[in-house]
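Participant: Pulled these from Swiss-Prot:
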BINDING   87, 105, 106, 107, 108, 109, 509  ATP binding site
COMPBIAS  847-859  compositional bias 'Basic and acidic residues'
REGION    847-912  region 'Disordered'
COMPBIAS  867-878  compositional bias 'Acidic residues'
COMPBIAS  881-892  compositional bias 'Basic and acidic residues'
BINDING   896, 898, 907, 908  Zn(2+) binding site
COMPBIAS  902-912  compositional bias 'Basic residues'
């Protein structure tokens with residue numbers, strides 16, 4: 001109550017911020033006559049003047065009014081477009097490192113030019129991030145004349161470019177590209193052979209277009225550069241054939257009613273006891289499992305994983321919903337955007353299982369060479385901001401994870417769109433009949449209609465229904481993405497009907513009456529008369545559509561996220577145009593079936609609705625919204641869970657990448673090598689000669705063999721001890737360090753210090769890269785199995801942090817050990833040998849950098865498993881107790897506690 005009164009008196013925080021920025025707009029508007037009076041050359045010269053003032057110590061904030069006024073004036077001259085005051089407010093929001101929520105059609109691309117220009121003045125580069133290559137190249141070409149008029153350079157990055165082309169694009173003042181490409185270039189740069197091979201500069205400032213799509217929807221998908229792994233792909237086919245013989249439980253409550261239980265919410269499969277026994281029998285008959293072997297024995301866990309993947313592929317992943325088959329390949333369909341994600345693959349054998357199900361070529365699994373997440377990549381920028389039409393519903397997540405505030409920017413003209421109440425039907429059949437009738441009604445009135453669907457399957461089903469009812473229409477989904485811009489450009493014509501999956505066509509406005517510019521572009525060198533005729537015809541159509549009520553948007557079902565529903569609604573009523581929206585639902589829709597309340601179902605059954613009758617009630621709308629909030633909350637928890645796990649890897653990644661950069665930048669690593677050599681040798685001696693111990697506790701024969709084997713040191717330790725009765729530990733250490741130092745000195749003298757420094761650098765980089773790749777593999781294995789700790793009453797997150805730290809400590813130790821071992825053994829004789837080593841390393845890295853394959857991790861399932869196991873452990877991260885080691889710490893050179901007789905590092909402490 002008190003909050004409401006205060007808000008009425010002083011306004012909300014958003015309103016106060018808008019008011020503050022509107023005052024700044026007055027200062028910008030006051031400068032307009034001054035800049036209008038300047039000629040083109042004087043206006044362009046302002047850029048150089050601003051840069052000089054920045055170098056002299058003036059801040060960007062101080063320059064803002066003049067810089068924005070310059071951009072506005074340049075835009076008027078070059079593009080014939082003047083920034084509105086609300087667009088100035090949007091530009092200030094972006095400059096301050098926030099998210100600007102602007103409704104569809106409010107000119108987000110033009111808003112971006114203000115903050116881009118101001119921040120590009122620093123010379124550190126500005127990245128404009130888009131969701132696909134089409135939008136990146138379109139926006140770059142559209143805005144290039146404006147930026148070049150102002151004396152700024154513009155570059156575009158896309159996959160397939162050479163390193164030189166990319167380097168040139170990043171060297172520009174402004175660089176356009178997709179989130180994937182920026183992220184992959186960051187990973188590739190950290191696999192570069194030399195500093196000169198890197199393409200990116202420092203990550204200074206980024207503006208993300210459709211920020212919700214990239215930072216929220218894409219947050220589950222890690223960026224992974226991977227290489228193929230040797231494996232038996234025929235295994236997937238054989239398991240796929242066996243999985244057909246397993247039957248789903250007819251009653252979820254009765255595990256004896258089938259072989260496995262499906263969990264549709266989490267897309268998981270659980271074998272029943274009956275199914276487990278049946279599967280073992282099938283595997284034995286197929287000679288894939290020994291007669292006395294168990295499916296759950298350690299060596300057969302991979303087999304069990306294959307079976308789970310095959311069952312999930314067959315029963316939970318559906319063609320034309322989760323993926324399509326195109327040109328003999330299984331291509332994932334993004335659940336949020338409805339777009340195909342070429343090159344992306346599900347992990348953990350799931351993609352291969354789907355390929356086996358569809359009978360297409362099975363591609364090999366891959367090994368991670370480098371990885372990060374969009375969440376952690378974009379947090380590397382000094383300043384980050386974004387634009388979207390729908391961010392307010394996710395404001396909490398933007399604030400908590402990225403530290404970004406959301407500002408809702410007022411529309412230039414009032415919104416007059418009418419959002420009708422949802423209509424809920426008992427069955428899907430009745431719902432689709434009602435949609436067809438609504439489409440017919442709106443077409444007869446001369447209104448264009450956009451029908452939004454959640455899947456390709458639904459869009460194609462609706463298309464068939466429309467064919468049966470002889471309704472002309474266009475379909476826009478992942479299968480027709482090439483013609484996307486053309487279809488969207490004419491979707492606003494009178495009576496036009498367009499069926500589109502979730503977000504297809506995002507970034508392109510539906511102009512009422514169609515787009516005359518697209519028609520003109522299709523003509524070869526059109527005359528002025530032809531253009532005028534096109535404009536006149538468009539104006540007539542435009543006026544007719546306005547009079548009929550504007551664009552009508554139909555939602556064929558509610559999405560899991562209210563934000564995606566709002567994006568669909570936002571296609572209508574742009575820039576103050578009239579428009580309307582309505583969602584048609586049924587109790588058979590996924591959202592209602594999996595998350596909706598039983599109360600709605602009971603109410604509808606109690607009402608005894610006739611076939612074709614719908615319910616339109618606030619209680620139903622509230623139930624739908626509650627279901628959506630429930631799903632949004634669950635998805636937020638999953639993304640947060642993933643981020644908390646990746647933060648551990650991210651800290652390690654930063655350390656390794658920083659060390660790698662230091663090695664690349666160094667010309668002389670001899671002092672580092674000497675320091676590492678002393679440390680590694682001291683640790684080796686301590687394993688056999690414990691510090692401050694009696695001579696009786698020494699293992700000199702063991703140390704002698706170890707030094708010969710590992711460090712090429714042939715020293716008669718036993719003889720030294722026998723010949724000198726005063727032989728003590730300090731003397732032993734001193735002599736061994738002298739011998740080892742002498743070995744390195746003689747190697748350097750044999751080839752010359754310069755060649756030795758080059759060789760040391762290549763060895764250091766090769767060991768670092770090899771061990772890091774192995775470490776990533778071990779981190780993957782650790783993360784996938786960590787949820788099981790919850791069932792042992794341990795907190796999986798704390799366990800993961802502890803074990804990841806131990807793995808990282810082992811990684812650093814192994815890197816040092818390997819570097820010294822290799823340098824101790826290898827003798828360089830000629831310069832050609834080092835040249836050849838450098839050539840081989842460069843070729844390997846170029847090959848690996850070329851294989852940038854985004855893997856669509858099945859992260860949701862693993863994150864949910866972790867959350868579930870944390871509940872099982874009975875504690876959360878907040879109340880977790882400090883983790884203490886159960887037994888004494890085992891050194892790398894100690895005997896392994898498993899009793900094998902091997903050293904720990906050659907047994908359970910071995911990383912590969």
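Note: Cβ is positioned from N, Cα and C throughout, glycine not excepted.
On a predicted model such as this, the values are computed, not experimentally measured, just so you know.
Neighbours and distances for these, please.
Facilitator: Note: residue 108 (ATP binding site) has non-local neighbours 90, 100, 102, 209, 387, 388, 389, i.e. same-chain residues 6+ apart with C-beta under 8 A of its own C-beta.
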Participant: Of 87, 109, which of the binding-site residues has the most Cβ neighbours inside 10 Å?
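Facilitator: Of the binding-site residues 87, 109, the most buried by Cβ count within 10 Å is 87.
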Participant: What is the number of other Cβ atoms found within 10 Å of the Cβ of residue 107 (ATP binding site)?
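Facilitator: A 10 Å sphere around the Cβ of residue 107 (ATP binding site) contains 18 other Cβ atoms.
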Participant: Given the ATP site residues 87, 105, 106, 107, 108, 109, 509, which other residues of that chain have a Cβ within 8 Å of the mean position of their Cβ atoms, reported in sequence order?
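Facilitator: So the additional residues around the site are 102, 104, 110, 111.
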Participant: If you count, for each of the binding-site residues 106, 509, the other Cβ atoms lying within 10 Å of its Cβ, which residue has the minimum?
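Facilitator: Comparing Cβ neighbour counts within 10 Å for the binding-site residues 106, 509 gives 509.
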Participant: When you measure from the Cβ of residue 105 (ATP binding site), how many other Cβ atoms are you left with inside 10 Å?
Facilitator: 21
